[in-house]
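Peer 1: Below are the structure tokens for one structure; questions will follow.
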């Protein structure tokens, strides 16, 4: 229980108490206060305890008013509403409610210690003052010394390398030391561990290591032992089910737990402008209790404070408090499906005031220079800027698998020398660029370590968890010295094709044919030539939206090339393609194309910084010839993968594709037989497939 409470405390931030109350804090307080009032007023009348005490009434009221953030976070995340507004609010409010309630119990223990009899008033006062002084000194020491010690250990043990054994021993010894100060003077070791955990830094490698290790042990060792211990002491055969008073007390506990939370959150929701239905659902979700509350109920039996019947009633209520959560979440998801937008994650619909989140994948050191140049032209304005998750794609071989070191339930460290050296080189080069030129770029390092069969799923999961708007993958072929492309790695090609099929956001594939050889792109002179090709369709609109960010770079000279059907060939093309074109669908797509292009023209082209040209062609043969003529004129060409409604201009081009994952236009521009130095970025817009499994986007239902 000490380990459980220690981790619970480490996942909380005590300093939010001293800030202006946020929405989540107000919801937490609103759910707690009515529950405490109801519990204090009603439990006194129903004799839940052997001997009437203020301490028990306070403990029971606080227990019923709290929430289990550990249980609540797991449930909300597992049920896939963790990224919705109500999911985030519930998790934050549950964390706040849990922290406040356990801190109240921790402070209340000073006034009502279980080690001293109630009748011994003088001893009680002495014990209270001694424990309070010890706890205060422990808190001050932990809050002031811990950041210094933890930062030192973190700096000595950078990410990606195994922690030194001496530092591990020191870290564990230090954590044990800060937890054991107050218990020496009679304070509860379990509550002391929680208080110490609250004031320890939650960030940094040492903290993550400790949380990972303990969280790994909890489901494998602690939970089975805990529930066995609970069942052993809370003998359910002693539950007096034949007495109506038992059921009366039980129903009152249910009423206090549910009604107190719901009435509080509804009142708070009216003040904050929430819908009443969502406010009531907040209350039901926040009523969930957990292991600490069960522990307090069993302790009541062991200390002979409550009868076995009363404690069992409290335990049953705690278990029942979790039951409404899946039902409430299913209703939230059912309503969310009706309101979810048709395009969840697309650059075309991205709010310009929000930062762009990019998952930038990299196969090795040879991709570093093109990666840096891509970050450079993608950064847009420094406010809001971009958040780049630079992800190494590393195939998990038997040799690498033998070097993995498990550091927690979800954390492993790669010890393979080649992998660590590669990652260090990439990190050093990219971090140096960001520090010198990356104004507005926030960099995070990630690792997709898997077999080729599972790597695409790992990348898609990362994109979903990190709420990525665009995943950019390197092409599986690399450039020879003469400018042509090699045969490539079929494993990475398989990964790219699977990501294109399953990604929860837009995907780009970068064909590097010299983009990485480009010297530093100037921020004062428009020297780097970029073109975006626009035929029409959702993927081309996505490419145009990305080009809008590129256009903001002062060192880029952007040209928009729009391909249009030659007016003399319209009638003939209609006769040729009438049987294959859905007129209504084509008209809708053309309307969206014109709206998107008009907005881009007004925002970028009309000002003169972006050039514009039109190419009038009659058929796909002319399209092919025109595309080949563009090679060598630009350093980078941005184009949509496909998504066009049977365009006459590209019909038949699919028949001779070498790499279908690039689309017909991207395949022509990046042909392996060409020696030109024009790189190509092919973009595919995300599209929904079937019904939503959960609520993974940031819609608002409040």
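Placed from the backbone N, Cα and C atoms, the Cβ positions cover glycine too.
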Peer 1: With TrEMBL as the source, which of 65-88, 89-112 is set down as transmembrane segment?
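Peer 2: Comparing 65-88, 89-112 with TrEMBL, transmembrane segment matches 89-112.
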Peer 1: Where else in the chain does the transmembrane segment (252-274) make close Cβ contacts, counting only residues six or more beyond its ends and a cut-off under 8 Å?
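Peer 2: Same-chain contacts beyond the ends: 23, 26-27, 29-39, 42-43, 46, 64-65, 280, 282-284, 286-287, 289, 313-314, 317, 320-321, 702.
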Peer 1: Where else in the chain does the transmembrane segment (89-112) make close Cβ contacts, counting only residues six or more beyond its ends and a cut-off under 8 Å?
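Peer 2: Counting only partners 6 or more residues beyond its ends, the transmembrane segment (89-112) has Cβ contacts under 8 Å with 5, 8-9, 11-12, 14, 16-17, 22-25, 27-29, 31-32, 53-55, 58-59, 62-63, 65-70, 72-73, 76, 82, 128, 131-132, 135, 187-188, 191, 194-195, 198, 282, 285-286, 288, 292, 296, 702.
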Peer 1: Mind checking which residues of the chain, 6+ beyond the ends of the transmembrane segment (132-153), have their Cβ under 8 Å from one of its Cβ atoms?
Peer 2: 106, 110, 167, 170-171, 174, 178, 181-182, 184-185, 187, 192, 195-196, 199-201, 204-207
Peer 1: Per DSSP, what is the residue tally for the domain 'Cation/H(+) antiporter central' (387-522) in helix, strand and coil?
Peer 2: 55 helix, 38 strand, 43 coil
